[in-house]
Amino acid sequence: MASLGSEAEREPLLGPGSPGSREWDTVETQEHYKSRWRSVRILYLTMFLSSVGFSIVIMSIWPYLQKIDQTADASFLGWVIASFSLGQMVASPLFGLWSNYRPRKEPLIVSIFISVVANCLYAYVHVPAAHNKYYMLIARGLVGFGAGNVAVVRSYIAGATSLQERTSAMANTSTCQALGFILGPVFQTCFALIGEKGVTWDTIKLQINMYTAPVLLGAFLGIVNIILILFILREHRVDDSGRQCKSVNFQEENTDEVHIPEGSIDQVAVVTTNILFFVVLFIFALFETILTPLTMDMYAWTQEQAVLYDGVILAALGVEAVVVFMGVKLLSKKIDERAILLGGLVVVWVGFFILLPWGNQFPKVQWEDLHNSSIPNTTLGEIIIDLWNSPREDHSEQPTGCPIEQAWCLYTPVIHLAQFLTAAVLVGIGYPACNVMSYTLYSKVLGPKPQGMYMGWLSASGSAARILGPVFISHVYTYLGPRWAFSLVCGIVVLTISLMGAVYRRLIAFSVRCGRIQE
């Protein structure tokens with residue numbers, strides 16, 4: 001292969017040649033190509049199932065938690081939901097490091113097995129006589145720990161694709177992840193037909209109902225995934241030109257293999273890309289978090305309306321994300337990937353800028369609605385105490401509007417519905433473009449060397465963003481209101497764009513920086 005010269009070495013893996021042609025055969029055989037892509041598609045499935053594992057119970061956690069343990073409150077629910085991201089944040093670097101030195105089947109199978117066991121534990125959290133909520137906390141944390149295998153998935157796909165294939169493969173990975181988040185609640189809705197009682201298998205104390213059926217399905221799919229990995233997944237690693245590389249993960253003998261090129265990784269580009277990925281996930285996590293309280297405060301929606309309408313909005317954003325992922329695959333062939341990432345950040349900034357409250361129309365305040373827009377001859381404190389002490393059953397409807405406890409409701413203009421929907425569409429365009437481009441660039445910056453540990457840190461930064469984003473926005477929004485909250489988000493995006501502009505020239509592929517491939 002070396003005798004073909006540097007020109008042949010720079011020929012893209014999916015260049016003008018076709019399977020069976022001389023140009024194709026000098027890079028890889030058709031058998032190797034098919035095996036490599038079979039393995040990549042198995043990991044698409046793994047990513048999909050990992051996302052389903054998070055979202056398939058997200059709508060039913062609260063009622064199930066209340067059913068199994070009456071001592072659980074809303075604050076504990078927050079810990080249960082956050083435990084998934086905490087577990088993933090801890091596990092991602094560990095599984096990534098493991099995959100650098102051992103065959104990647106090992107961390108994949110172990111992580112999926114942990115998720116299977118955790119799902120089974122979730123189905124049995126009703127059995128203990130006490131402390132049931134803590135068993136649920138442990139179960140969700142372990143599911144998140146198993147989901148740390150996304151670092152292995154991304155590092156495998158990055159190492160098994162050439163530069164020309166990388167963006168498309170990463171976009172497919174993001175599409176599978178997005179589909180998992182979309183279809184998980186759909187599966188949960190289907191299982192709701194079973195009902196709360198369901199059926200009970202007394203011999204093994206297993207209840208199959210609307211709460212446990214989804215996780216049992218997840219456990220079954222996990223077992224199927226393990227079988228597919230055992231029998232179909234093969235270790236493949238190629239360099240940026242598509243030539244097969246020797247590595248600790250790959251033990252097949254082949255005289256045409258090339259060694260991983262020497263050269264240092266640009267650590268500035270690595271740190272910058274981690275920050276970019278953190279900000280992208282941080283912003284979308286806070287947007288998801290604020291969606292329901294914002295719409296209830298601004299448009300006086302009831303809880304039922306908010307769940308329905310916001311669910312439709314999130315589902316539409318999920319479909320939009322899939323379309324954007326597919327569009328990015330085509331756009332990246334004509335436009336620099338750095339420009340797409342930068343453009344995505346600009347679109348996100350525009351979306352949050354549009355969300356800033358303007359005008360002189362104010363949201364309906366909750367206590368005004370309850371008192372038929374009349375102001376009684378009592379103090380504000382007495383009004384609030386009266387509302388707090390009045391029995392809930394005396395009101396035919398839940399109070400709607402912006403709670404008077406949030407002082408900003410009295411002086412912050414309303415965010416109009418058209419304004420909100422426009423912003424949601426823009427965020428729905430910018431987020432997926434930034435998401436896939438950030439870790440596509442990251443994988444290219446790292447080059448053909450084992451990326452498991454680095455991908456682990458990237459996944460950990462994303463998990464940290466999903467934890468901190470909701471905490472940040474809930475506090476700022478509650479105490480300072482949407483004007484301050486979204487202004488701070490706009491400021492964060494501006495700083496992120498500035499950071500990317502400062503290191504723009506360094507966000508290039510390892511092989512391009514080392515002069516092995518022309519940009």
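Note: Cβ is positioned from N, Cα and C throughout, glycine not excepted.
Those TrEMBL annotations? Automatic predictions, nothing curated.
The average pLDDT computed over the domain 'Major facilitator superfamily (MFS) profile' (39-513) stands at 82. According to TrEMBL, the domain 'Major facilitator superfamily (MFS) profile' annotation covers 39-513.
Residues annotated as region 'Disordered' in TrEMBL: 1-26.
Summarising the annotation, TrEMBL assigns transmembrane segment to 42-64 (among others). Residues 77, 80-81, 84, 108, 112, 115, 119, 122, 136, 140, 143-144, 146-147, 149-150, 153, 156-157, 172-173, 176-185, 187-189, 192, 210-211, 214-215, 217-218, 221-222, 225, 228-229, 232-233 of the same chain, all 6+ positions outside the transmembrane segment (42-64), place their C-beta atoms under 8 angstroms from a C-beta of that stretch.
Residues annotated as transmembrane segment in TrEMBL: 76-96 (among others).
The transmembrane segment feature in TrEMBL is assigned to 108-125 (among others).
What TrEMBL lists as transmembrane segment is 137-157 (among others).
Positions annotated as transmembrane segment by TrEMBL: 178-195 (among others).
Non-local neighbours of the transmembrane segment (215-233) in the same chain are 38-39, 42-43, 45-46, 49, 52-53, 56-57, 104-105, 108-109, 112-113, 115-116, 119-120, 122-123, 187, 191, 208; each lies 6+ residues outside the stretch with a CB under 8 Å from one of its CB atoms. For 215-233 (among others), the entry in TrEMBL reads transmembrane segment.
Per TrEMBL, transmembrane segment is recorded for 268-287 (among others).
Summarising the annotation, TrEMBL assigns transmembrane segment to 307-328 (among others). Sequence-remote contacts of a segment are chain residues at least 6 beyond its ends whose Cβ falls under 8 Å from one of its Cβ atoms, and for the transmembrane segment (307-328) they are 167, 171-172, 174-175, 178-179, 181-182, 185, 288, 291-292, 295, 301, 340, 421, 424-425, 427-429, 431-433, 436-437.
Taken from TrEMBL, the feature transmembrane segment applies to 340-359 (among others).
Feature annotation from TrEMBL assigns transmembrane segment to 420-442 (among others).
Residues annotated as transmembrane segment in TrEMBL: 454-478 (among others).
Residues or ranges marked as transmembrane segment in TrEMBL: 484-504 (among others).
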Q: Would you kindly list the residues that approach the transmembrane segment (178-195) from elsewhere in its chain, counting only those six or more residues past its ends and only Cβ-Cβ distances under 8 Å?
A: 47-60, 208-210, 213-214, 217, 311, 315, 318-319, 321-322, 325, 432
Q: Return the stretch with the most CB pairs under 8 A relative to the transmembrane segment (268-287), choosing among 76-96, 340-359, 420-442.
A: 420-442
Q | Dominant neighbour of the transmembrane segment (108-125) in 76-96, 137-157, 340-359, 420-442, 454-478, by Cβ pairs under 8 Å | A | 137-157
Q: Using Cβ atoms only, state whether the transmembrane segment (454-478) and the transmembrane segment (340-359) have three or more pairs under 8 Å that are 6 or more apart in sequence.
A: no
(Q) Below 8 angstroms Cβ to Cβ, which residues of this chain, lying six or more residues outside the transmembrane segment (340-359), approach it? (A) 276, 280, 283, 328, 331-332, 412-416, 419-420, 422-427, 429-431, 433-434, 437-438, 441, 481-483, 486-487, 489-490, 493-494, 496-497, 500-501, 504
